[in-house]
Amino acid sequence: MSSSDNSYQVVQLPGPRTKLGEGPVWDIETQSLYYVDINTPAIHRYDYAENRTYSAKLEGANSISFIVLVAGQPEHYVVGENNRVTLIRWDGRSEEAQHVRVLADLGNSQSHVRFNDGKVDPSGRLYAGTMQLETLGDLFAQKEGQFFRYANGTMLVQKKNVSISNGLTWDEPFNPLRMYYIDSAALDVKAFDVDASGDLQNETVFYDLRINGANPGYVPDGMTSDADGNLYIATWGGSKVMKVDKRSQQLVQEIKIPAEQVTSVAFGGPQMDELFVTTSSNGGKPAPAGELFKNISLPEEVILFVVSKLHLGASVLRQQHLFADLHSQRYMFAGLSVSSAGSDGYNRSFEHFRLSLLGDNDASFRLGECFGTQDQHTIQKWQ
């Protein structure tokens, strides 16, 4: 199934119909898209070359809300499981994933919430937020959730009184680093400066979804950004992805999706120029609700993740500096090379990072990998 207009084409991908598809993240090493079904619960891997989706369950999980790649640890992932953050192992094909250990647990005092969206920033830091369990009442009226930064086995509170902690992304060229964040009930996108430790500061409203102060009839959900820092916002109840220009802070494009509940977005594909979109079949919506889509054939003027050589060079230098910070840790990055593709620019996603898990018993994270299609990374054990 596909739909298109003059600027893009939407293609339905093979895979299970999800109750609540979420958390897409592209892995350039396996050329796969990982995502989750929160309510089934399950984790999925869409294999780009095979055009096939593999799925796995996780014993004891009532919900799996996000999945994060781990640097230097093949087949290991960090997931939001119920109200805890867990390291798991999965070969990407089997029908069962295995627990490795719990990295952080919110405990019995937070048994009324579960994790929702979670991602890794350019420095390898994990951020994740919570929301009240759906069975306990009106999610929009309650503000039982919080937004956290993970550090050394602890979830450090960054924001309280959250209704539905959702989309997050970063604009890496900013100094200091800027984070964009969605609490769905607020009907807006907040912007924060990120200090050197990873804590959030200077909260502002970046984009308000209200139309002349009125509820638009849908809410913002997951979110990503392109190499220019423009935001792509999934809309629950809106059947579309909204592109917001970071400079004008205005809506510049709507990408229509043939499903009402659009949940999240991520760039991927061999050239990092395809927008993968997860959806939900919650509420009894007929197919193709709950399916996985990708947005392809974007026109030249809105090609995504095409970055000039100058911009890429600055980004690589910044990442090399951070790599050097790992030399005293167990794992280090031994090399980073960038080769020209013979074109005017490179395709790059600023969101495709891996958590670096250090040591067998050390649950702290450091910078993993910043993936670009021209980057080659070598990891060696630090003696």
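In case you wondered, yes, glycine gets a Cβ from its N, Cα and C as well.
Keep in mind it's a predicted model, so treat the numbers as computed, not measured.
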Listed co-binder of substrate (same site as R114, N116, source TrEMBL) among E96, E134 = E134
Query = Besides E22, N166, which of D105, D221, D226, D228 does TrEMBL list for that divalent metal cation site?
reply = D221
Ask   = Listed substrate-binding residues R114, N116, E134 - what's their greatest C-alpha to C-alpha distance in Å?
value = 11
Ask   = Any idea what the Cα distance is from E134 (substrate binding site) over to N166 (divalent metal cation binding site), rounded to a whole Å?
value = 14
Remark   = Least surrounded, by Cβ count within 10 Å, of the recorded positions E22, E134, D221 is E134
Ask   = With the divalent metal cation site defined by E22, N166, D221, which remaining residues of that chain have Cβ atoms positioned within 8 Å of the Cβ centroid?
value = N116, D117, I164, G167, I182, S184, G222, A234, W236, T263, S264
Query = For N166 (divalent metal cation binding site) and D221 (active site, proton donor/acceptor), what Cα-Cα distance in Å is obtained after rounding to a whole number?
reply = 6
Key: binding-site residues listed as R114, N116, N166, least Cβ neighbours within 10 Å   = R114
Remark   = Quick note, N116 (substrate binding site) and D221 (active site, proton donor/acceptor): C-alpha atoms separated, nearest Å, by 11
